[in-house]
Amino acid sequence: AVVTETLCFQRLKMKSWFCWILILFRNVSAAEHCSPAGVLTTLATEQEVTNVLKVVAVAAAAPRRGEFTFWIGLRKLKDGCVVPTLPLRGFKWTKDGSEESQVSRWAEEPKHTCTTTLCAALKGELDGSNVTRWGLIPFSCRMANNFICKLTNAEQKPNQQKPDPEKEPTASGTPQPDTQPTKLRCSGWPAVWRLKDDSPANFTDICASCDAGFQKDASGNCMDVDECIVGRPCRHSCLNTVGSYRCFCSDQSGNQHSEDSPECAEAATSGVLMVALVAVAALVVLVLVVVVTVKCCLMRQSKKRAMKKAEKMAMDSKDSFETANEKAAT
């Protein structure tokens, strides 16, 4: 079995989705394991790089440090030359044979050659679940490495369209793409991608975004979100519904009213007044407690002073009596 991490994103305008699968399985025939549903991933745009690094970070669930290397779909053919001035250094994407790229970050420059087939890998460092450094490195296509597949439902023919940035929706209320990781495994003969419940993975379903009010679970199913627990959006009471929620208040008879209704407004006002009355009553009680405490302290101190004065007078009387007796004796 092959344990993987999957992360999906959707282009809302183009109604297409892209999934990246990180495969922790060393093999020299990585492209065969990605097909027929996908290809070795490209890193042609900044957004694509961000998504791939997210997959790597998700796979590093347990805090750890160390380097990682993953085979990507970048290759220099035997009859091609390494060109140091080009972003991809003469390499081409195996997906469509293009050399277009918005990203050019090589951790190790390829040596000049026009007679050797070379492949490329994504190499970087992890600090916990954060990717701290990354870049491309050349290596022999005969080497076995872990690899990253890119799956898509976008029907694009090779060499007909340049790769464009995959823009995520902004934070202006537009639904964000579903990025819930889904664990898959490859098993059976012939090998088939399977979910945790051992059912075959349908990427059209598990990688498609959920409707508003739903989110993906670990098996890729859209499950209802309990907004009453997650966000606490209501001032009074909250009732979770399928795909949404409802805010309401209850009167003394137990009848429910919408939170925007006059009944809820009156309930809110009476609630505020009740809180104010309770606060005033608590303040009055506190003042009374302070007054009684101060009065008790003053009375205790006064009683102590009176007792000390009486003791002093008794001592003075005793001394006077003894002095008179001594005079009488002499």
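Cβ atoms here come from the backbone N, Cα and C positions, even for glycine.
The disulfide partner of Cys238, as annotated in TrEMBL and taken from the candidates Cys228, Cys249, is Cys228.
Other Cβ atoms within 10 Å of the Cβ of Cys238 (disulfide bond) number 18 in total over all chains. Long-range Cβ proximity for Cys228 (disulfide bond), meaning a same-chain Cβ under 8 A and a gap of 6 or more residues, is found for Cys234, Cys238, Leu239, Asn240, Tyr245. The average pLDDT the prediction assigns to the domain 'C-type lectin' (30-150) is 85.
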